[in-house]
């Protein structure tokens, strides 16, 4: 019989050390109700916190745009309000996809670890960073250029929040790359 040593840390993960092999066992915390299992441990992780921040900020930006919908687009003719429409479409697309990913990771214990092992997180968040950066800068330039018409403060605020969202997507992309490639 070979002898094993068990080392446990405060984070509830234990290591069993046998000769030159190390096995790490990590416990996942879940909350259960009668029908739904929530993976609350995912929201406590770095990718979970970043995704939650992306969804909350995206909801705030969409709420701001919907609240000020009278100033959003007066005319749907091609060539008018391109920056506003591009920003609205970009934020809507990445908000919805991040919301669905967050819900998927919360409702399934295996989704978070499986998705992070693929390059989807890296590609998706990288594209989110690029598109949100472009849309936010485009909207900010448009809002400052057209300061002679209606007050554009809500577009300036929305574009600044969009830049913050782009930073979150950049961090998620970096984290996704590290998870995909390994430490």
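Yeah, the Cβs are placed from backbone N, Cα and C, and that goes for glycine too.
Automatic prediction, not curation, is the source of TrEMBL annotations.
Residues or ranges marked as domain 'MARVEL' by TrEMBL: 42-181.
According to TrEMBL, the transmembrane segment annotation covers 49-67 (among others).
The transmembrane segment annotation in TrEMBL covers 87-110 (among others).
The feature transmembrane segment is assigned by TrEMBL to 122-141 (among others). With a cut-off of 8 Å between Cβ atoms, the residues of this chain six or more beyond the transmembrane segment (122-141) that come close are 54, 82-84, 86-87, 90-91, 94, 97-98, 155-156, 158-160, 162-163, 165-166, 169-170, 172-173, 176-177, 180.
Taken from TrEMBL, the feature transmembrane segment applies to 153-177 (among others).
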Positions on the same chain near the transmembrane segment (87-110), where near means CB under 8 A and six or more residues out: 28, 30, 36-40, 42-43, 48, 51-52, 54-55, 58-59, 61-62, 65, 72, 124, 128, 131-132, 134-136, 138-139, 158-159, 162, 165, 169
Model confidence over the domain 'MARVEL' (42-181) (mean pLDDT, whole number): 86
Counts by DSSP class (helix H/G/I, strand E/B, coil) across the domain 'MARVEL' (42-181): 116 helix, 0 strand, 24 coil
